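Just below is one structure, and these are the notes that go with it.
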Amino acid sequence: MGLDYILVHVTYNIPLAGILTLVYWPFMTRLDWQKISTLVIISLVATIPWDSYLVRHRIWTYAPNGVIGWTLYDIPSEEVFFFIIQTYNTSLVYLILTRWLVLPMYLGTVARKETLIGASILLLAISVGLIALCFGDHFTYFGMIITWAGPFLLIQWVFSSGFIIALPKLELMVSITLPTLFLWTVDTISINQGTWTVEAPTKLGVQLWSGMDIEEVLFFLITNIVIVFGLVCIDYAIAMATCELVQSPQAVQSFPSYFRVLARFVTNKYHPDKQFVASLRKAVDRLAASSQSMYMGSAMFQGPFRIDLILLYSFFRVADDLVDESQDTESARMIIEQCDQLLEAKFSHPELFPFSPGYQEAKHPAPPELIAAIDSLPVSRLRLEHLKGLIEGFRTDLTFSAKPGSFPFVTESDLDTYAYHVASSVAASMLGLVVHHFPDHQFAINVFLRRRVVDAGERMGQTLQYINVARDIARDAAINRVYLPTTWLKQQGLGPEDVLASPTDSRLELVRDRLLDRAEFLSASAREEMKFLPDEVQGPFLATVDSYLEIGAALRRGMRPRTLDDKLRLPLGTRLWVAYRAMAWRK
């Protein structure tokens, strides 16, 4: 009886599990626990018979003073725990690295050729393993590894090869490589200390470095591949269920249970719409490139709700860019009117869009990206009046160029109204989606509570817009726009014309601080109501708001973009910490 193997866990495996859990805990969902539990159960069921054979036939042996003596089918309890902790740690590494991925955008990849080639290679490897077992002796352990793990990899590849190929390679490679390197190190130390041994008559006798047999190198590599591919298969099933639900025209969207998702994956004939997947991919790329706060905020959400949000955010981004980048006032006005008409058509005849009645008679065709963005909107789960608010905000923007020298923001009330139209529309639309995706939550059921929370959400939206104005004083001045209330400017001895002439005037810092004060006040006044949102929404919503508030804090510290044309962007580490803090506070 000894504690050597236990000390390996206490020294290496358990601390790593603790660190990974601490890192991912704020973002952990019930679905994540279910995925990990599934892999742990499969690993135990698949490994115990195999490992029991290895121990009973003395392919693996343990020092008598290295284990405590408790066994399961002759397997030391420490070894059984190892299967659990390896699966847990590798799963967490995968979850951390792939949290930001929008899984449905990787659907639809046809990989028949790659599937056939991969399956052929795996069948060949299994055949080699069987031949090695027939030879026995020094080929025994090598053959046992290949013939045991090969069929699992073959099944995973046949079911999910297209999805595996479509996923980002870096995340998959790192998810496999990091745990493997760690376990190679732990295994080398343990073998050199004599905690366990691969017996000489059953191994090839080739060591890649001192104490590390080539079979052990292969074992840890192939088991981590099996774990990661197992998680990918589950994510494939979840992505299919998510895509099917998002494409449904039904207003109420309840995500099916975990086991139902897996069952439908095996039996369902659903094929994702390639056009929808392509539109989703473009929406994700657009947000990642032009709206980091919204993109990172969306990564905190999960499932169909996240997809609806991305499509909504993408529409706002497309419309805003088209208006801002118009060549002249008339072009911008045309874009706004086209957007208004297309929204009316989409909400009136979603099944006919974009060939709705009246659309084909338009004299000037709308930009294809605007049509695509509106066509992707989940209109059965949105309200037209919320999106119309954005249109009103665009019309306000036009007054700058329609009347040179005209500055529509005279008082704080004017800015409040504009912020309500532009940003509160986003918040109200988002909270409207919550009703459809969480129909059994008190927020959806209690109308009076919902009205209270939506009011608070709209104030949160105004918070974001105030910070945008404070951040973009110079950028707006470059296109002859001043969103600062004239009454505020006069108190500093300035006018809108002075802002256009010198957007870096030191006196504007007091106006900027006032904008940030207003943003912080609006945020503080609305934060308490956010606790009535579903847990799945509350943390991510606050994480998005807090990322904007952090931009405000950076502005107060004097942080500025490198050039006047750029937006102030927070370092990645800061954005991750803000998201972590907000999600941890929710937990």
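Heads up, the Cβ atoms here are built off N, Cα and C, so glycines get one too.
Residues or ranges marked as region 'Lycopene beta-cyclase' by Swiss-Prot on the basis of similarity to another entry: 1-236.
What Swiss-Prot lists as transmembrane segment is 5-25 (among others).
Feature annotation from Swiss-Prot assigns transmembrane segment to 35-55 (among others). For the transmembrane segment (35-55), the list of distant contacts is 61, 72-76, 79-80, 83-84, 86-88, 91-92, 95, 141, 144, 148, 152, 227, 230-231, 234-235: same-chain residues at least six beyond its ends, Cβ to Cβ under 8 Å.
Sequence annotations record features per position, and here Swiss-Prot assigns transmembrane segment to 65-85 (among others) based on sequence analysis.
Look at Swiss-Prot and you will find 91-111 (among others) tagged as transmembrane segment, backed by sequence analysis.
Sequence annotations record features per position, and here Swiss-Prot assigns transmembrane segment to 116-136 (among others) based on sequence analysis. Same-chain residues lying 6 or more positions outside the transmembrane segment (116-136) and placing a CB less than 8 Å from one of its CB atoms are 142-147, 150-151, 153-154, 157-158, 161.
Under the heading transmembrane segment, Swiss-Prot lists 145-165 (among others). With a threshold of 8 Å between CB atoms, the same-chain residues lying at least 6 positions outside the transmembrane segment (145-165) that come near it are 46, 50, 106-111, 114-115, 118-119, 122-123, 125-126, 128-130, 132-133, 172, 215, 218-219, 222-223, 225-226, 229-230, 232-233, 235-236, 239.
Long-range neighbours of the transmembrane segment (218-238) within the same chain, counting only residues 6 or more positions beyond its ends whose Cβ lies under 8 Å from a Cβ of the stretch, are 31, 35, 38-39, 42-43, 86-87, 90-91, 94-95, 98, 103, 142, 145, 149, 152-153, 156-157, 159-160, 163-164, 167, 172, 175-176, 179-180, 183-184, 187, 261-262, 264-265, 303. The feature transmembrane segment is assigned by Swiss-Prot to 218-238 (among others).
The region 'Phytoene synthase' feature in Swiss-Prot is assigned to 243-587; the stated evidence is similarity to another entry.
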Below 8 angstroms Cβ to Cβ, which residues of this chain, lying six or more residues outside the transmembrane segment (91-111), approach it?
17, 20-21, 23-24, 27, 32, 35-36, 39, 161-163, 165-168, 171, 174-175, 178-179, 227-228, 231, 235-236, 238-240, 242-243, 246, 272, 274, 277, 280-281, 284, 296, 299, 306-307, 310
What parts of the chain pack near the transmembrane segment (5-25), using Cβ distances under 8 Å and only residues at least 6 beyond its ends?
32, 62, 66-68, 76, 78-79, 81-82, 85-86, 88-89, 92-93, 95-96, 99, 182, 186, 189-190, 195-196, 584, 587
Confidence summary for the region 'Lycopene beta-cyclase' (1-236), mean pLDDT rounded
92
